[in-house]
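Peer 1: Let me begin by handing over the structure; questions about it come next.
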Amino acid sequence: MTPEYRSGESSRRNERGRERNRSGERKFSATAPGERTRRADPARLVAFEVLRAVAADDAYANLVLPTSIRKHRLGRQDAGFATELAYGALRGQGTYDAILSLCVDRPLAQLDPAVLDALRLGVHQLMAMRVPPHAALDQTVGLARAVIGAGPSSLINAVLRKVSRKSFAEWLDMLTEGVEDPVRVSSLRHSHPEWIVRTMRQSLVNHGRSVVEIDDLLAADNAAPVVNLVALPGIGELDEALEAGARAGELVADSALFAAGDVGRLESVRSGRIRVQDAGSQLVARALAAVEVDHPPEDGEEWLDLCAGPGGKSALLAAIAAQRGYRLVANEPAEHRAALVRQALAAVDPAVWSVRVGDGRSIGESYPGGFDRILVDAPCTGLGALRRRPEARWRRQPSDLAELGPLQRALLAEALETVRPGGVVAYVTCSPHPAETTAVVQDSLRGRDGYVLLDAGQVLDGVSKSGSLHAGHESTAQLWPHVHGTDAMFLALIRRAT
Ligand SMILES: C[S@@+](CC[C@H](N)C(=O)[O-])C[C@H]1O[C@@H](n2cnc3c(N)ncnc32)[C@H](O)[C@@H]1O
């Protein structure tokens, strides 16, 4: 069935895409579901398309969403509403399904997957978006009628009515009443799979923090991250972004936080002089650039980004290298990602950098002279960036860790062999999981003489604005979303003795 679009709805949305004029009272339409709207509100249709593409085609929400927003020509407010709805429903899926299980008369697995996605969208509007209940019901039924058919209208209407009878806090209390396992409680309250909750508890302790922080950490995963910007040193200025409403970043130099809409409207961003990059990524790249190298070559250092795609850290490193008269090789095995690296580096003098397309595990063969600084930003589970990838928590499996472990160790081993005496390797992941952070570093250094673990926390402090991040623990460093407002980046710095 071809969806029809309804105008006017968007005029009730405010700047952040939230709906205005919500009264405390729960009102429902007096009209029977079969007689109500058969049209899909374009913003809700976009959110529905995103959920369907994620579930049915294994798509990434952050890639599908902009395409769908463009296809349906959403304005800024509607785009904000669609983003909050799609991302919120995906992040909240675990908790929302638990609520729905208490309101549907059969196992959720027996529902048409499209109906289940429509219900999740309805629940998110009711529980987290302050959409008036009658609008959430009417619009979800209208969406379902337009894109799925009339069949499930009554079911959707009845289920969402049940959901709307309690507040989110009341549902959470009901779901967790009598549950003694703290992992299960956190999983239900913060919509994370139990294995990830367990992993995060272990990660906090492993990196010298307390397990009582777990709820703050999981809650931080559920908050939309503010867009972080970096002005490439010597190339970009933040003026335009600041004039457009950005505020200077508190963690690291040349950074800003931009919460004023589409960052693509800034010319400095379009030209690549300013880039979107999490402050944690900025900090770890700057830490590698800041640490001392023993006996640096007189004709300038050679730097390597071993796992460069899509090129965020390469761009920052290359800009710093350019300021110092150094050179950077950015290596990436996937051709399409190598193309993104070239794009990311385009604003930096091309005499400074080159891109190699190849497996990092054998890079030493191509560069027998080695490098003075090597960044190993290893392929990892990305468990430290769940707030950025709303569906990732449901897709990742504990078995991913076992698969990635040998690759992470092989890449770090190759970097340790390829770094020049006196040079430094930075091992970085956007995951705090001990299996891909400290265990990889310890295994790689075991039995290998002549390598020293530097105090990464101290080096990070040195490149931070405050001078005191409290990220270090036993020589390595771990940033956290709930503490630093960054992705959970891990950093180890290893120097090869001269
Ligand atoms: C975490 S990402 C790097 C992010 C990047 N440093 C940035 O800041 O934009 C890991 C990258 O490693 C690449 N990779 C996977 N296998 C690799 C290998 N064998 N050698 C080198 N890189 C590899 C992936 O394609 C991916 O682009």
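Heads up, the Cβ atoms here are built off N, Cα and C, so glycines get one too.
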Peer 1: What does TrEMBL list, out of GLU292, GLU298, GLU332, GLU391, as binding the same S-adenosyl-L-methionine as CYS307, ALA308, GLY309, PRO310, GLY311, GLY312, LYS313, ASP359, ASP377?
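Peer 2: Matched candidate out of GLU292, GLU298, GLU332, GLU391, per TrEMBL for S-adenosyl-L-methionine with CYS307, ALA308, GLY309, PRO310, GLY311, GLY312, LYS313, ASP359, ASP377: GLU332.
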Peer 1: Tell me, what is the mean pLDDT of the domain 'SAM-dependent MTase RsmB/NOP-type' (200-497)?
Peer 2: 97
Peer 1: List the same-chain residues at least 6 positions away in sequence whose Cβ sits under 8 Å from the Cβ of CYS307 (S-adenosyl-L-methionine binding site), in sequence order, or say none.
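Peer 2: CYS307 (S-adenosyl-L-methionine binding site) has long-range Cβ partners ASN331, GLU332, GLY360, LEU375, VAL376, ASP377, ALA378, PRO379, LEU411.
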Peer 1: What's the CA-CA gap between LYS313 (S-adenosyl-L-methionine binding site) and CYS430 (active site, nucleophile) in angstrom, rounded?
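Peer 2: CYS430 (active site, nucleophile) has its Cα 12 Å from the Cα of LYS313 (S-adenosyl-L-methionine binding site).
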Peer 1: Quick check for the class: what is the C-alpha distance, in angstrom and rounded, between ASP359 (S-adenosyl-L-methionine binding site) and CYS430 (active site, nucleophile)?
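Peer 2: The Cα atom of ASP359 (S-adenosyl-L-methionine binding site) is 20 Å away from the Cα atom of CYS430 (active site, nucleophile).
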